[in-house]
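> Below, the features straight out of TrEMBL:
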TRANSMEM  87-111  transmembrane segment
DOMAIN    101-350  domain 'G-protein coupled receptors family 1 profile'
TRANSMEM  118-138  transmembrane segment
TRANSMEM  158-180  transmembrane segment
TRANSMEM  200-218  transmembrane segment
TRANSMEM  257-285  transmembrane segment
TRANSMEM  297-321  transmembrane segment
TRANSMEM  333-352  transmembrane segment
Amino acid sequence: MAQGGLLSRTTEKGVSGGPLLKQELSLWESERKSGGGFVLSYEQHLPSSEIPRVHCDPTQPSMKNTTEASVFILLGLTSTPELQLPLFAVFLLVYLLTLAGNLGMALVILLDPRLHTPMYFFLSSLSLVDFCYSSTINPKVLAGLLTGNKLISHYACAAQMFFFILFATVENNLLAAMAFDRFAAVCKPLHYPVIMTRKVCACLAFTCYTSGFLTATVDVTDIFYLPFCMTNVVHHFFCDIPAVMTLACSDKHITELIVVFIASFHLIFALIVILVSYLLIFITISKMHSGEGYKKALSTCASHFTAVSIFYGTTIFMYLQPSSSHSMDTDKMASVFYTMLIPMLNPLVYSLRNKEVKSAFKKVIAQAKLSLAF
């Protein structure tokens, strides 16, 4: 009876937009019949007087009262109540490891003067970006799994998408900057201090953040100017670009082209820098006669190459295809990987094979123990 309440009250009050909401009502009905937790959590957190009713007026931008109640409903990872607490425990552990790993990496680099080099400057920047990147998504996911509240306001959704695009773009550009740094270190060792000065490093970092900010601004403005009158149910656990764009009821072809063009530009440019840098690095390494130098050069690049492969593999899979070809369930699994697991894995990838980081970490632990002893 409780599960049927939402459908009955919605029918009694009426939903403007008529046939366009049949898909949403069908989704609610299927959730009710399957015994999923989605309908119950929606009723608990939204009184019947505030049920979103969607107006289909393609002439009005979505941010200007296209929806009477300006909320989206995130379907999340699962609607099965029995799975929500185990998933909460798993993702909480992943998030805590992400925070500890990335903040720990940044702190170790900050405290050890031996690591105040361009390579570790970019690595600490990457750790901070991974921390922010993960914190944009995970708290809302964890809150949804714990409380069952799947609602997110229009503006909160736009803000989440903005910071997600910002930090994802910054990470993309930082990986390219790190590849150039490795090229300069391996291929131009004598000129390295002149090439990678503090000013150059600061300019590269500033460019990474500026391009991320501009990309996020353009993408979010274009996407949220579309009218969302098909439904307000986002088939995802956060406001990802493909999942939100499928809700638009007007022609989104131009917006989709803009998003794909900008994403392609950043990815292709960064990949060209990375591939050319590594091609020159491998040519230089192959000419080395010293076995020790060969191993040192290879170990210097191995961690970065691993992180690049993981990041770009999932990013290309997700964003270099039109939204019409997306499978939302597949996208959600890929999204879990790059929003939760990659930020957790990066500190491990960069520290396990790096003797300098492990040495600095042991030094910081020893100093901490010594301080606590007194």
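Just so it is clear, glycine is given a Cβ too, placed from its N, Cα and C backbone atoms.
What does the local environment look like for each feature on the list?
Outside the transmembrane segment (200-218), and at least 6 residues removed from its termini, the chain residues within Cβ reach (under 8 Å) are 118, 121-122, 125, 161-163, 165-170, 173-174, 177, 180, 258, 262, 266.
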> Quickly jot the same-chain residues contacting the transmembrane segment (87-111) by Cβ under 8 Å, restricted to those at least six beyond its ends, or write none.
77-78, 120-121, 123-124, 127-128, 130-131, 134-135, 138-139, 141-142, 145-146, 340-341, 343-344, 346-348, 350-351, 357, 360-361, 364
